[in-house]
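Per TrEMBL, the features are as follows:
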type	residues	note
TRANSMEM	14-32	transmembrane segment
DOMAIN	105-506	domain 'ABC transmembrane type-1'
TRANSMEM	111-132	transmembrane segment
TRANSMEM	144-166	transmembrane segment
TRANSMEM	178-199	transmembrane segment
TRANSMEM	206-224	transmembrane segment
TRANSMEM	236-255	transmembrane segment
TRANSMEM	262-279	transmembrane segment
TRANSMEM	291-311	transmembrane segment
TRANSMEM	318-336	transmembrane segment
TRANSMEM	379-399	transmembrane segment
TRANSMEM	438-463	transmembrane segment
TRANSMEM	483-506	transmembrane segment
Amino acid sequence: MEDLGLLAFIMRRIGTLGVILFGSSFLLYNLAALSGDPLGELRISQDPRAKQIMISLTRELQLDVPPPLRYFLWLRGVLGLFVGKLDLGDTRAGESVATAIASAIPTTVRLVFTASILAMVLGISIGIITALRQYSKFDYAMTFVSFLLFSLPIFWVAVLLKQFMAIEFNNWLSAPTISPKALIAIGLVLSLIVSSVGGATGKKNYTIFASVFTGTVFTLWSLQKLNWFLEPGLGPIFYFFACVGIAYGVTQLSVGITNKTALRSSLVMAVAGLILYYPTRKAFTLDKQGLLIVAMAVLTVGLAVITSLVMAKIDRPAIVRTTVIAGFIMGLVRLLDQLMYTWPRFISTDAINYRPVPTVGQANSLLEPGDYWISTLDLLMHLILPTIALTAISFAGYIRFARGTMLEVLNQDYIRTARAKGLPERTVIMRHAFRNTLIPLSTIIVVDFAGIIGGAIITERVFGWKGMGTLFNSAINSFDLNLLMGVFFLTGTLALMANLVADLLYSALDPRIRTGSGA
């Protein structure tokens, strides 16, 4: 009976969403058709072929059919999806709408996906920390920053990024030196952030502040003297230390540093990373690097699972999870180190000429193809500015929502009960409060992922990318009705399906939500 109730709930929601999609698409089609004349420019053109072109466009786009009836002709092509004959019509240029959308989707996903992931991870993490440090300096500072970023126009942020993170950074890279004033300023800012996040008070807080300040200034000064900014890299020793830090950090967050079995399993992964450092560097010179990286990821996960199963006698799922996460992050750091190893070759090419951060475009066409790592660096350099712009604007909302949700959860009775039982604070936060905080956040995340395909019109325009946002803007400006409806159909369908998935996910995560006949 429960399965039948869930099926009935899904069918009701699909029916409701179908009516919404039909009504919204009908309204948009007719309003767009009545908002302008697609033949307006041709009517006043002096081109002797204008009349012939008008006749051809009228026939191809069925402009002689009234918009309400023409909508159902378009809808018939859309419904062909269910028999494998989807037809979204042709653009004014004669190109298939489906082809135009298919070529724009990868660009949009590449542009917005990374920004969405970063916004979610950073926003949720910082939001939870501010809730745990309520009314602290860090809480007040992040509240101010989140409201500031939320209110900034994206085009203004993009222009600032172009000026300071592209033009000025490229100029600085020709002679990468950090002035004493800049060293002190960077050290002070980082020290304030770390000391406020730590939540310590009194003498301990001053000790943390002084330690972070001294370490930051010394590290930046050393990197400058070693010419690290032009020839970066970790090397096997620093890579191993980074892996050890990852092992301790992931273990502390996942199961607690007192779980020695989980810590040992993660440290074994760090030792394995050190042993395989030079063999992987040799492997990174082979062909088909994409498949090689996937294979290495699978081997990393397999090694992590085997290691944790061999070392763990009890609580195996938690230890396996901890070791896999630690090993995966170590693998990402290894890829980052390989990119840093390739950096000198990348910036010294004639196409880059020590100006690696571009202001527009999706790729540098002057780079010679064939080198996987140089091509990857070029892709990342083109992604960095729009990704930062979109992340800065988007993650502010996640901060506020995660903070409010965490504070609400921390005031629940079961949290007070867990603390009264004497559970460690880490266990209370990570196993009880954090998991329940993710329930309402999960619905927002699902909807945001659906919005990825919609693109970012302003960001694409400022940075010269050609994705779904550009298609939508082009369709409006040229009165290209078929293209406009094709973009709307895809984005609207994904948005509605995301709402359905969010409802189902919420009902699966929260037992208080019912999906039966009374839902």
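Placement of Cβ uses the backbone N, Cα and C atoms for every residue, glycine included.
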Is it the case that the transmembrane segment (206-224) and the transmembrane segment (236-255) have 3 or more CB pairs under 8 Å, with pairs at least 6 apart in sequence?
no
For the transmembrane segment (262-279) and the transmembrane segment (318-336), check the count of CB pairs under 8 Å (sequence separation 6 or more) and say whether it reaches 3 or more.
yes
Region pair the transmembrane segment (318-336) / the transmembrane segment (144-166), three or more CB pairs under 8 Å
no
Do at least three CB pairs under 8 A connect the transmembrane segment (178-199) and the transmembrane segment (483-506), leaving out pairs fewer than 6 apart in sequence?
no
Considering only Cβ pairs within less than 8 angstroms, which of the stretches 111-132, 144-166, 178-199, 236-255, 291-311 has the most against the transmembrane segment (379-399)?
111-132
Taking a Cβ cut-off under 8 Å, which residues six or more beyond the ends of the transmembrane segment (236-255) line up next to it in the same chain?
262-263, 266-267, 269-271, 273-274, 277-278, 315, 318-319, 321-322, 325-326, 329-330, 333-334, 337, 426, 430
Could you tell me what the rest of the chain brings near the transmembrane segment (144-166), counting residues at least six beyond its ends with Cβ under 8 Å?
357-359, 384-386, 388-390, 392-393, 395-397, 399-400, 456, 458-459, 462-463
Same-chain residue ranges lying at least 6 outside the transmembrane segment (178-199) that approach it to Cβ under 8 Å:
129, 132-133, 136-138, 141, 205, 208-210, 212-214, 216-217, 220-221, 224
